[in-house]
Amino acid sequence: MIPVAEFKQFTEQQPAFKVLKPWWDVLAEYLTVAMLMIGVFGCTLQVTQDKIICLPSHESRENSSEAPCQQLLPQGISEQIGGLRELSGLKNNLDLQQYSFINQLCYETALHWYAKYFPYLVVIHTLIFMVCTSFWFKFPGTSSKIEHFISILGKCFDSPWTTRALSEVSGENHKGPAAGRATVTTVTTVGTGTGKVGEGEKEKVLIEPEKVVTEPPAVTLLDKKEGEQAKALFEKVKKFRVHVEEGDILYSMYIRQTVLKVCKFFAILVYNLVYVEKISFLVACRVETSEITGYASFCCNHTKAHLFSKLAFCYISFVCVYGITCLYTLYWLFHRPLKEYSFRSVREETGMNDIPDVRNDFAFMLHLIDQYDSLYSKRFAVFLSEVSESRLKQLNLNHEWTPDKLRQKLQRNARGRLELSLCMLPGLPDTVFELSEVEALRLEAICDISFPPGLSQLVNLQELSLLHSPARLPFSSQIFLRDRLKVICVKFEELREVPLWVFGLRGLEELHLEGLFPPEMARGATLESLRELKQLKVLSLRSNAGKVPASVTDVAGHLQRLSLHNDGARLLALNSLKKLAVLRELELVACGLERIPHAIFSLGALQELDLKDNHLRSIEEILSFQHCRKLVILRLWHNQIAYVPEHVRKLRSLEQLYLSHNKLETLPAQLGQCFGLRLLDVSHNGLRSLPPELGLLQSLQHLALSYNALESLPDELFFCHKLRTLLLGYNHLTQFSPHVAALQALSRLELKGNRLEALPEELGDCKGLKKSGLLVEDTLYEGLPAEVREKMEEE
């Protein structure tokens, strides 16, 4: 016996693979099982029963030319009915071994090969059919993709997010009709995900409305774990799509195995139809065995001929049906564009218009899935939709960022407003809009922000920062923010990415923009019109502009502070500055300036000027600052200024002068005539001495001389009795004057990094100077008298 279980490895496949088997493959599979049973049954009979039984022929030698067994054929019987002889039996004088020998010899020589090997051929051909059908499920290059696809498909089908997404869309589509019914509640079927309700369910709702209303819909429940699983599914689908759409090995393999089955079908059909008649019940056998048996002619009976002929015709019938399925498969493969798959019907049904069409092997597998159940493709499409993914991300964000967690991040910013700062999130949590106490919202590196209508709940919002965070603002929210928002900071790689709605916030007081102009637009430096910003007082622009944007003049009547940071790009045209009549503060930082622009001298209301980090070498134009009668703060730091001209004495109103990080070696004596000066910073230069005239600065409160080459200080310096901060660190001082006792207001003194051997005892007379305000080496401090140290350490 041949156990059928031995053939399981050819027929058994993973149950999950059934989703990739269309009806013709299923039919072909059953046909192969039937053909295999025919072959196994025939082989079993062939092995367990006698194959052939032979008897010697007693014909005369005169009739030796006639075929043996002729008299046993049906036509012989009909012709010789009248001439039958009555026989009482013949003795052959053969023993059992001779009969067995003759049977085997005639089986091998006289019986046609088709009759001998028919059942084996059936088994072999059927196994080849099975291998061809399941080869792409076993071949490593295709099976890995199929297994991965089926794994993802099953998870997508069973995911609670699929049901929720389809149900939400269904609810939106039926929202209108349902809203008009006061007594009928629509129930969404979770199992199918289609959002349709059967007639029986509708009747139940009509009969028991109270019961339906009290039960919350299951589709609205999605816990955090399920949300994370759905998020992982989206990533898997994306990577799988990119991987599978690259080639068409699955499509090609399926075509090849189908073509091979068709060719084999024709070959089997032809030779079976030709040789099936070779299966006969009586077989004439002529062998030269007269010396052994005494006979050379035998008449043999093929015992299974009758059964084999019936099995052969049955097998041919199954093969014909099998071949028809293969031909239909070829028609289906070449008649339809199987390398392209459109989700058009799914988009129309679900309303998810962003579901993309797919191609190559991905499309082919989806076509096969549709032959099994189109619901699989519909539910799988949910994970191809970016809208669906964004909804899921939003839901996960809301789970992760609860209102209590967001409140823990609230803190006061530099402007004193209660600020919520969020950085590098996949989206903006809806729970943000539940914090009505938020006054400032800072969003950094958050992709594709879309402000919902819930923005109107932030009634105290006055400041908004968008740092590399593109944001869409609906019209209703624009109206809400138009008169409410006071400060907005926007930062992008390029300024053209700045949302246009920013320039329509008419209540805005401060606008901070950061981003580069494209190289072809940098020279023109065109900025959106600022005419709508009627309340704008502060404008900050960090870019690579070649000139001051012309739109700055749109706010010339009320702009009070302008800051231009050019990141080293040279600012060539500044004529637009002349129109800023009420400008109080001007910053031109890293603008590549080599001279002080003349346009600045036209700003009569200017109070503060910052020219930090430019290429200024000479400041002879400083004389023209006398036209800026209100100028009180001048910052010329981080340049290459080698000297200060004597005209500095003309700046009578100047209160703060910053000249640090330059190349100064001396200071003019005329600097002492700036009697209103309160702060002077000349640190990080190359000063070797100070003019005694600095003692005339009776209003001076802060003097920074650190990181120079000073070897001594003029005694006149200690006439500045209002001096509170004196920074002398990292110079070449060898001694410190005892006249420091005259500085009664001194509260901070830096002497670290000099060549001092001792500190004067008079430091104890500086009533405002404490140990915390004295920056000096520990050894020098310990060298002070104990009573001086005790006095300085008193609270």
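For all residues, glycine too, the Cβ spot is worked out from N, Cα and C.
When averaged over the topological domain 'Cytoplasmic' (1-22), pLDDT in the model lands at 63. Taken from Swiss-Prot, the feature topological domain 'Cytoplasmic' covers 1-22 (among others), and the record attributes it to a curator's inference.
Annotation comment: Swiss-Prot describes 23-43 (among others) as transmembrane segment. Within its own chain, the transmembrane segment (23-43) is flanked in space by residues 2, 4, 7, 11, 118-127, 129-130, 133, 304, 308, 311, 314-315, 318-319, 321-322, 325-326, 328-329, 332, 371, which lie at least six positions past its ends and keep a Cβ under 8 Å from the stretch.
The feature disulfide bond is assigned by Swiss-Prot to Cys54-Cys300, with similarity to another entry given as support. According to DSSP, Cys300 (disulfide bond) is assigned to a strand segment. All protein chains included, Cys300 (disulfide bond) registers 23 other Cβ atoms within 10 Å of its own Cβ.
According to Swiss-Prot, the feature N-linked glycosylation site maps to Asn63 (among others).
The transmembrane segment annotation in Swiss-Prot covers 117-137 (among others) and rests on sequence analysis.
The topological domain 'Cytoplasmic' annotation in Swiss-Prot covers 138-264 (among others).
Positions annotated as transmembrane segment by Swiss-Prot, on the basis of sequence analysis: 265-285 (among others).
Listed in sequence order, Ile52, Ile53, Cys54, Phe281, Leu282, Val283 are the same-chain residues at least 6 apart in sequence whose CB falls under 8 Å from the CB of Asn301 (N-linked glycosylation site). Residues or ranges marked as N-linked glycosylation site by Swiss-Prot: Asn301 (among others).
Residues annotated as transmembrane segment in Swiss-Prot: 313-333 (among others).
Look at Swiss-Prot and you will find 334-795 (among others) tagged as topological domain 'Cytoplasmic'.
Sequence-distant contacts of the repeat 'LRR 3' (582-603) (same chain, six or more residues past either end, CB-CB distance under 8 Å): 540, 556-571, 574-576, 609-619, 621-622, 624-625, 627-628, 630. What Swiss-Prot lists as repeat 'LRR 3' is 582-603.
What Swiss-Prot records for 630-651 is repeat 'LRR 5'. Sorting each residue of the repeat 'LRR 5' (630-651) by its DSSP state yields 5 helix, 3 strand, 14 coil.
Sequence annotations record features per position, and here Swiss-Prot assigns repeat 'LRR 8' to 699-720. For the repeat 'LRR 8' (699-720), same-chain residues at least 6 beyond its ends with a Cβ under 8 Å from one of its own Cβ atoms are 655, 660, 675-693, 726-737, 739-740, 742-743, 745, 750.
Among the features that Swiss-Prot reports, repeat 'LRR 9' is placed at 722-743.
Within 10 Å of the Cβ of Cys54 (disulfide bond) there are 26 other Cβ atoms, across all protein chains. Remote same-chain residues near the transmembrane segment (265-285) are listed as 52, 54, 67-70, 72-73, 102, 105-106, 109-112, 114-115, 118, 125, 297-302, 305-306, 308-309, 312-313, 315-316, 319-320, 322-323, 326 (criterion: CB distance under 8 Å, separation of at least six residues from the stretch ends).
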